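Participant: Structure below; questions to follow.
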Amino acid sequence: MLSFGIFQRWIYTKTLGFQPSAVSWIGTTQLFLNFTVGVFSGRMMDAGLYKYTLITGLSLQIIGAFTTSISTKYYQLFLAQGICNGLGNGFLFCPAVALISTYFPPGKRALPLSVVACGGATGGMVFPAIAQSLLYRIGFSRTVRIMGFVMLTVALVVFPLSRPRPQTRTIQPWIDKTAFKEPPYIFFCIGIFFSFWGIFFAYYYVRPYGQEILHTTNSTSFTLLLMINAFGIPGRFIPGLLADRYFGPLNVIIPFMAITGILLYCWIAITSIASFYVWVAAYGFFAGGCQSLFQASVSSFATPANAGVRIGMVCTIVSFACLSGPPIGGKLVENAGDMYLQAQIFGATVLVIGAGFLLTARLTQRKEMS
């Protein structure tokens, strides 16, 4: 999902002639299903069906990759990459997070969850590297099929190694209604929505921006996409370490969200490829930290008994932000004649607003505890 920028500009927009905002819907549908289906697959894991969710998710991802390789029309790509891959992601994401959580006590989960989140950034490096090496040599279809074989190889390793711990199964409600009576949790949900409304725009459009505005080569634009994911690896690991050992996840994610929003404002001033390299590295680091900590941050507003339900509720809220954010940015780019100022202001503003609500949640919680 983080490497969808491979397809955003050259393949879908330039080669197949789709509008950028329409292309964004394919990528954001993956994100949407990743979080919404995760609520159901997480409950399946709680029921002792982890292996079934794992094999279903892996199968859908692989099928999605191979059917994408033979797709030429928008609806085909939407079904193969958006729906099929998105469903596969959803069956894998929440159970994987929950599986790791069962091996660590509640106060020590931010770091291991951040390490797991590094897998997304690693994939965001591997697949752009494959595309950079092969896309213009053997074409779109063969390149995507090779990506599918990479996913198949990883699946053959992951399936036998993933082992859920035996534990007591308890039936949890779908919604914790008491959460809506707690102002800190409400402010947190609003803040997370605004934050994730703007955070993924750069991942989808950093490559088109480099080519259209800074006139970079295809090779350089691939490098930019690779960099934003590469710096997301320390961006995920270091905040998790800080959260577990010193400050707590909520106290770390607030400044990271604020800095990410400020960096999007700084994007407006980028006029050279050298400065863009620096910006991409910084944004990848701080945005990566935001993505790795948001689930652990929910624990600040939950008890061990209701943490799973409340995380699922937040994931549902995040899914709608991820679904609509990049397409809104893409439409703003189209309406401005392929200029990015309006989209940059939109992304930066909603991120800063989100950070403000997260800070309000923290202050409200502290006031209630005092």
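Each residue, glycine too, has its Cβ placed from N, Cα and C.
TrEMBL labels come from automatic prediction, so no person has curated them.
From a predicted model like this one, the values you see are computed outputs, not experimental measurements.
Quick paste of what TrEMBL says about this protein:
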DOMAIN    1-366  domain 'Major facilitator superfamily (MFS) profile'
TRANSMEM  22-40  transmembrane segment
TRANSMEM  52-72  transmembrane segment
TRANSMEM  78-104  transmembrane segment
TRANSMEM  111-131  transmembrane segment
TRANSMEM  143-162  transmembrane segment
TRANSMEM  183-206  transmembrane segment
TRANSMEM  218-238  transmembrane segment
TRANSMEM  250-270  transmembrane segment
TRANSMEM  276-296  transmembrane segment
TRANSMEM  308-328  transmembrane segment
TRANSMEM  340-361  transmembrane segment
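Looking at the shown structure, what environment does each listed feature sit in?
Facilitator: Regional average pLDDT for the domain 'Major facilitator superfamily (MFS) profile' (1-366) in the model is 84.
Away from its own ends, the transmembrane segment (52-72) comes close to residues 16, 41, 44-45, 79-81, 83-85, 87-92, 95, 140-145, 147-148, 151-152, 155, 158-159, 162 of its chain (Cβ-Cβ under 8 Å, at least six residues beyond either end).
For the transmembrane segment (111-131), same-chain residues at least 6 beyond its ends with a Cβ under 8 Å from one of its own Cβ atoms are 1-3, 5-6, 96-97, 100-101, 103-104, 143, 146-147, 150, 203, 222, 225-226, 228-230, 232-233, 235-237, 239-241, 243-245, 284, 288, 291-293, 295-296.
Beyond the transmembrane segment (143-162), the same-chain residues lying 6 or more positions past its ends with a Cβ under 8 Å from any Cβ of the stretch are 50-51, 54-55, 58, 61-62, 65-66, 68-69, 96, 99, 126-127, 130-131, 134-135.
Here the transmembrane segment (218-238) has long-range neighbours at 2-3, 5-6, 9-10, 111, 114-115, 117-118, 120-125, 128-129, 131-132, 136, 202-203, 206-208, 210-211, 273, 276-277, 280-289, 291-292, meaning same-chain residues at least 6 beyond its ends whose C-beta is under 8 angstroms from one of its own.
Below 8 angstroms of C-beta separation, residues 191, 195, 198-199, 201-202, 214, 239, 242-243, 276, 279, 282-283, 286-287, 289-290, 293-294, 297, 300, 340-341, 344-345, 347-352, 354-355, 358-359, 361-362 of the same chain, each at least six residues beyond the ends of the transmembrane segment (250-270), sit close to that stretch.
The list of residues near the transmembrane segment (308-328) in space but at least 6 beyond its ends in sequence, with Cβ under 8 angstroms from a Cβ of it, reads 21-22, 24-25, 27-29, 31-36, 38-39, 42-43, 46, 94, 98, 172-176, 179, 185, 188-189, 192-201, 204-205, 294-295, 298, 301-302, 343, 346-347, 350.
Remote same-chain residues near the transmembrane segment (340-361) are listed as 183-188, 190-199, 201-202, 205, 209, 213, 250, 253-255, 257-258, 260-265, 267-268, 301, 325, 328-330, 332-333 (criterion: CB distance under 8 Å, separation of at least six residues from the stretch ends).
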